[in-house]
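Asker: Below is a structure I'd like to ask you about.
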Amino acid sequence: MPSLSPFILLRYNDLHLFELPGPTRVIEWIGDQRICVAGYENGSRNEILQLLLPPRLLARQNKGLCPERDFKVERGGICDRPIYRLKHVPGTSLLVTSGPTDSGIQVWCVVPDETDMIKLLSVISPTKTEDTSWSKIATSCAKPACVLHGQRISNLQMTEIESEKSLWVAGSASLDKIASLDFLDEATAVVCGAKGQLFLVDFRQQQGILGELEEVQTPWAQMEGLSWCAGVGSGEAPLIARLSLGGLVVLTDIRHPSSPLKMAQCCAPTSNLCGADFLSISLAPVLGDNLAVSGFDGTVQVYNTQDWDSSGQEAKPVFIHKGHIFSTPATWVGGAYINGTAEIVYLPSRGLVWVQAPVGFALSLLVGGFFFVNPMRMRNCVTLMDPIQEMYGNVMSCLLFIPPLIADIFWFAAVLASLGATMKVILDIQGYVAIILSACTVILYTLLGGLYSVAYTDVIQLIFISLSLWICIPFAIMNPATENIFHTATHNISQAPWTGKIEPEFYGRWFDDFLYLVLGAIPWQTYFQRVLAASSHKEARLISYFSGLGCFIMAIPSVLIGAVAASTDWNQTDYGLPTPYERNESALILPLVLQHLCPMYISVGGLGAIAAAVMSSGDSALLSAGSMFAHNIYRKIFRRKATEKEVLWAMRISMVAFGIISALLAFYSSSIYDLWFLSGELVYTLLFPQLCCALFLSSTNTYGSMVGFFLGFLLRLLAGEPSLKIPPVICYPGCSVVEGIFVQLFPFKMVTMLVTLVTIFSTSHLASFMFKSGILPAEWDVCQVTMDARMPVSFSRGERQMEEIQNGEQAEEAVMKDI
């Protein structure tokens, strides 16, 4: 019984082939399972990458299930010049490239070695040309390996790559510029001129005659001043797709090039048009009805030509690559973020110096991008739990799934609570109504769209948050009841200065909270589902760096609103006295400022900003919890034979359940900031040490992981939690009682995290030593640490092995049913 190929391609938007960062426009297929991409920027370093397409490419199944990146980077190299053309030599491990600033052709080797580098072998200098512009190139499967190249029809030639010997030269004096070259077979090639004309090259002709195809007199071919390029499909009678600088695409049969089969206006040129050199049109070898167009506005547009005709009507792309770099800051900039920041600035006992989240999250994204992105991507991980499950097994994976699950639920509850508070103040409706409506909306569109709905809506919501809050700020500052915020920053007017201060006894607490924001924000699936979805290591790290800057900038409006609230004489407003702080309504300070210091139509816009913030972070938390449960728990532990559709439904059901739990918790939130802080403590103290050991300490094992987990959990529980009114059992130095509640001033969270980390490492080595030395009998080694004297198998390999076993079992079942 033949096995099905895991590379199932139906449409380009299923394949997501062109989800690539801006500089990698040059795309070349290597067979039907690999591609090469290259940069074309005028800089000193342009990357060449060979990428392996992922198994199970059906987007309708994968996009909602696993927020995984589209490619695995197999090897790469660096070119010191822009790359405008890249071609693979079929049947070999060679690539050839060309680009400014001369006509030279670079030859690269992609044979894997210990460095996985794509190495420059040689540079071919054309012999029959004085033209210094860059060469157009094409390669074929002919032996020996050769390259067809030239800038004009007159200097077109074919050169053997190894010996650099000229094998063929064009027998034409035409000075027409070449736009693109493509082989039809080993003996013939087609040339597209810059004006759209086609030439046929027959290498069997003794005198190198270059035959021009029949003259094309159709109106589309007579457009003056337009440049063209072309791409050739595969098959016995391949189609030729031509693209003009005006965005017109024409499909013709090579046997009848004057009669267009299909024609459409695809791209509207923009003001930042790069020029004819950047135009590109390509047809994938396994997707005959789809083509990709790029070079107009920095995007790659994919079109389905199945319904095109010859009328030249406007066509709409089925897929556009634009990038999602602004999606990650939208994940962190949630309702709790903007509401909590304003609340802390306003509180007389806190102030600006206690607003740690903007700087903490920004540094967290920088640290994550610098230290954690590459190791996670090199293991081909899909979720945060993959390296932990690979290193410590399924049992520990189930235990360690609990902290991020609780964190995501608390996070979603926090952002729902912030929206409920805002709606209650401004629209005078019950908070539970707003919470229920928001939860239902987020659950619905996250279920339907998966990571793509999350990413695209996050970008829209991020823009809306910025505009809405910045519009509200001038009205709030200029309100007659508000003092000058620069004056109140250092003077006690309505209350203590809003800049705040840190008393010496609180230094340890401040440092503890700040460190946990920096490190505790790293092991979150909401973060890794974005950087693992990037198409290259470079893009993933850039996403982290720019998102850190975005998180910091997005906190500025909330800081200003908190400063305005601290500078307001509330007796001059409709709110009256006592103040929000005295009424214990500090958590509502942002919506109160919008309601009482801004006009009604402006405050509604601010409400929209908070609603957008809730959506932007709530959907990420839901998708995070659901994807980890479906991928790491349901599929890998409970139902190893589960189909993709079954796992997808498991994720959907779990998302609904987690959303309901979060909504219930949101009803009981007394302080948004406390609930928000609590959502990351378990992740910081328990999961962060486990992730560090799984990625960087390969000698650790399941025994150390288990002991570290339970010890860390016990230490954190015994330290108490003031926001939940849980008294401490362990009173660390500096522990004090504030209004009847015990408060730990010692940096106990940092200590708990470090103790967990040291325990994992030391217990792992102790267990390994005791079993290997015979102190403990081998029969007691239930985790088999004595058998694991090597680095763990790469996750992608383990996945493939598991899928092969499952496919084999399913095949056997099918055979038995037939019998």
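Including glycine, each Cβ sits where the backbone N, Cα and C put it.
Note that the structure is predicted; figures quoted are calculated from it, not measured.
According to TrEMBL, the transmembrane segment annotation covers 353-373, 394-417, 429-452, 459-477, 514-533, 545-566, 600-626, 647-669, 675-696, 703-719, 750-771.
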Asker: Do the transmembrane segment (545-566) and the transmembrane segment (353-373) come close, with at least three CB pairs under 8 A (pairs 6 or more apart in sequence)?
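Answerer: As far as Cβ distances go (cut-off 8 Å, pairs 6 or more apart), the transmembrane segment (545-566) and the transmembrane segment (353-373) touch.
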Asker: Cβ under 8 Å, sequence separation of at least 6 from the ends of the transmembrane segment (750-771): give me the contacting residues as numbers and ranges.
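Answerer: For the transmembrane segment (750-771), the far contacts come to 511-512, 515-516, 519, 684-686, 688-690, 692-693, 697, 699-701, 703-705, 707-709, 711-712, 715-716, 719, 732, 778, 780-781, 785-786.
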Asker: Considering only Cβ pairs within less than 8 angstroms, which of the stretches 353-373, 394-417, 703-719 has the most against the transmembrane segment (514-533)?
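Answerer: Per the Cβ under 8 Å count, 353-373.
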Asker: Quick test of the contact rule: Cβ under 8 Å, at least six residues beyond the ends. What residues does that give for the transmembrane segment (703-719)?
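Answerer: Cβ under 8 Å, 6 or more out: 388, 391-392, 396, 399-400, 681-682, 685-686, 689-690, 693, 728-730, 732, 744, 748-749, 751-753, 755-757, 759-765, 767, 783, 785.
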